[in-house]
Amino acid sequence: MTTTSPNVPTSVTEKHFINDDDTSSNLKKEGIDVEQVSELSQELIPPPDGGLKAWLTVFGAFCCFFATQGYGYSWGVYLRQYNTVEYPGNMTLISWVGSLWYWFCTITGPISMWLASRFNDRLIVGVACILCCLALMFASITNEIWQLYLTQGVMSGIGTSLAWYVCLRNPQQWFDKRRGLAVGITMSASGVGGLALSNISNACFEAVGYRWALRILGFIELVALAIGAAFSFRLNPIPKNVPLIDWKDFKNKDFIIFFVIHFVGNFAFYMPASFVPSYADYLKIDPWVGTNISAIMAALMFVGKISVGFISDYVGRFNMAVFCSIMACIVHLAVWLTATSAGSMWAFACLYGIFGGGYIAMITSLTAQIVGVDRVDTGTGWAFFAWSWGGLAAQPACSAIIEMGSGNNYQGAIIYSGVLFFAGSCLCWLLRVRRGGWKLLKAV
């Protein structure tokens, strides 16, 4: 329930949808000091659960995720291109490009609220837009793997990091009862982006080469992130006196469990997106089929994130997080581990797209429920800081497992990923029990 400071008139919370551009003018019309409002009330207005600005915010965040996460889901086709054509036989070294990108995507997590308190969201996403575009342009003129580390890995990752927290925070501020749906729609863009960008990149490899593929991808990110910047609306202002790094969330035991879920989860989550094209090559499946298996998996994540998000608003987000994590484990160990043909790989791609996509949408939408809407910035930042370590180490770890023995130990990597999903499902269940008890049919 939203509470209003006794020193702040009720009309502030009832009349104004406050964002960076109109905060001062709206409050001054009421004769209210902006700084006083910021200090006295972290949550000036409750989430309206709809409206033009709310849905434009979701659309802007969707565009950001299309460009950034979509690129992440299409990384597998670049990994295969680099390993087989440009820098053959260097899978472990090349995998560090993707790992550095994943890690730097979350590097601003702990200071995300500090940045948000001092800079306009449009400025933050605008800087992200420039960095992401330039990173891919610079990557297109590289000649060594270490140069890809700096451009396609570090620079692109930092740009993505600046955009991510705005994308994840703002839709959650505008929605309450429909938060699962809003977050699901936002994050479904990664699936659409993965489907589109992996096919565009693969077509460019054959038509104009990988260098122009990177340049075209850079222009796509430029346009999508520019749209995201234009529609970055905050519901409420953020106080100016927030610390650079805020540790308060760790006083919450539920948040500590939530933090560990993120830490464990990313050691497993991106493994399929990165290695499905290479595994298809190992099975002697046509490269176009391998690319499209990866693309279909990304597309089904679009369906999974929206549908699971919609259902979770009725049956409970914690319940759906447990269900999706268990199913992701089963899909790894029962379907992918036994896959030996294109048909079985199609089945895995479809199932993991739905349940893997649902899993990531659910654990993201839990943030506001665990820490509160007023602390969603810091909660999201710390959660994805935990997520970053899997992004850094998971791909090299899987590559090392695959290269053990004959160099095709994909089964070992699949088991590794499936077991980690099982560990994550156990932690999700623990968190669900702490929040809602042992009644299985209770919506939590």
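Any Cβ shown, glycine's included, is placed from N, Cα and C.
Note that the structure is predicted; figures quoted are calculated from it, not measured.
Straight from TrEMBL, the features:
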TRANSMEM  54-73  transmembrane segment
TRANSMEM  93-116  transmembrane segment
TRANSMEM  123-142  transmembrane segment
TRANSMEM  148-168  transmembrane segment
TRANSMEM  180-200  transmembrane segment
TRANSMEM  212-235  transmembrane segment
TRANSMEM  255-273  transmembrane segment
TRANSMEM  293-311  transmembrane segment
TRANSMEM  318-339  transmembrane segment
TRANSMEM  345-368  transmembrane segment
TRANSMEM  380-402  transmembrane segment
TRANSMEM  414-433  transmembrane segment
Do the transmembrane segment (345-368) and the transmembrane segment (180-200) come together with 3 or more C-beta pairs under 8 Å, pairs six or more apart in sequence?
yes
Report the listed stretch (148-168, 212-235, 255-273, 414-433) having the maximum count of Cβ pairs within less than 8 Å of the transmembrane segment (93-116).
148-168
So are the transmembrane segment (212-235) and the transmembrane segment (293-311) touching or not, going by 3+ C-beta pairs under 8 A with a sequence gap of 6 or more?
no
Short question: most Cβ pairs under 8 Å with the transmembrane segment (180-200), which of 123-142, 148-168, 293-311, 318-339, 380-402?
293-311
Given the transmembrane segment (380-402), which of the listed stretches 54-73, 123-142, 293-311, 414-433 has the most Cβ pairs that are under 8 Å apart from it?
414-433
Taking pairs 6 or more apart in sequence, does the count of Cβ pairs under 8 Å between the transmembrane segment (414-433) and the transmembrane segment (54-73) hit 3 or more?
no
Thinking of Cβ pairs under 8 Å, which stretch from 123-142, 148-168, 318-339 has the most of them with the transmembrane segment (293-311)?
318-339
Would the transmembrane segment (148-168) count as touching the transmembrane segment (123-142), if touching means at least three Cβ pairs under 8 Å and pairs must be 6 or more apart in sequence?
yes
